[in-house]
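Some features that Swiss-Prot has for this protein:
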| type | residues | note |
| --- | --- | --- |
| DOMAIN | 3-170 | domain 'Era-type G' |
| REGION | 11-18 | region 'G1' |
| BINDING | 11-18, 58-62, 120-123 | GTP binding site |
| REGION | 37-41 | region 'G2' |
| REGION | 58-61 | region 'G3' |
| REGION | 120-123 | region 'G4' |
| DOMAIN | 201-278 | domain 'KH type-2' |
Amino acid sequence: MFKSGFVTIVGRPNVGKSTLLNAIMKEKLSIVSCRPQTTRNNIQTILTEDNYQLVFVDTPGIHKPKHKLGEYMVKSASDAMKDVDLVLFLINPDEKPGRGDLFIIEQLKEVKVPVFLVLNKIDENPQEKVAETLKIYSELMEFEEIIPISALKGKNIDLLKELMFKYIPEGPQYYPEDMIIDQNERFIVAEIVREKALRLLSEEVPHGIAVEILQMKKNEKGTYHIEGNILCEKNSHKPIIIGKGGSKLKKISQYARQDIEAFLQSKVYIRLWVKVKEEWRDNQSLLKELGYKKMK
């Protein structure tokens, strides 16, 4: 008997959805940063074992949108809860349910498939706190399963996989067994660069950073030559991203190259520039160019 199912992971921004997906896959597939809303596109990630295949839709965090990009991200996350076989609602036990959590719960009540409550970061919180949070959420809605985990340390991840297998239906293998992601290489390369920029810039530049890959060519020796722009919204952000004597941009390129080489399994040369595009997050045509679907 072979089973297959589509799973979506929801939760407020920065709760650890991408880290959980990485722990399940044991691969660095989804951009992980300390900043909220760093996952912008629905990324279908495929886990294939001997007797099942799980297709994960990694979504942006659900939040109150402030611009066109925010609207896209919220709609993307809401749409992902439709037509799936299982929903994982990820929370942190050290945070009481806020308006964002209550908003998600109201949507989850309309879902016709099993919903798991997954408590992350249990290694960072006392058992009493975890138990208290469990009680609060259990009174808000009924969950098919409640699983405490540590995504970062991999605690109870195997248990979570076993429970997901239990709930998904019998079905075909939708993707080849060696396929782990349905996004193209350019998309992943752009996400790697953006992650490094977000990490290195910390609080110096607001969240309005995007990456466009201008060129990605592989020569006869198997070496990739990549060129791209880091987009920011204000002229004042540009020198911050570049850094003194180009030091910051050089570090972004260096750290990104290391991860891109690991992903492509090839030597990589990468050149990056910084370009100002004011209010790009409200520019529908530019969002489309960067790979964000048009809002319906």
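Note that Cβ sites are derived from N, Cα and C of the backbone, with glycine treated the same way.
The number of other CB atoms found within 10 A of the CB of Ile122 (GTP binding site), across every protein chain shown, is 21.
Across the region 'G2' (37-41), mean pLDDT in this model comes to 42.
For the domain 'KH type-2' (201-278), the DSSP counts in helix, strand and coil order read 30 helix, 27 strand, 21 coil.
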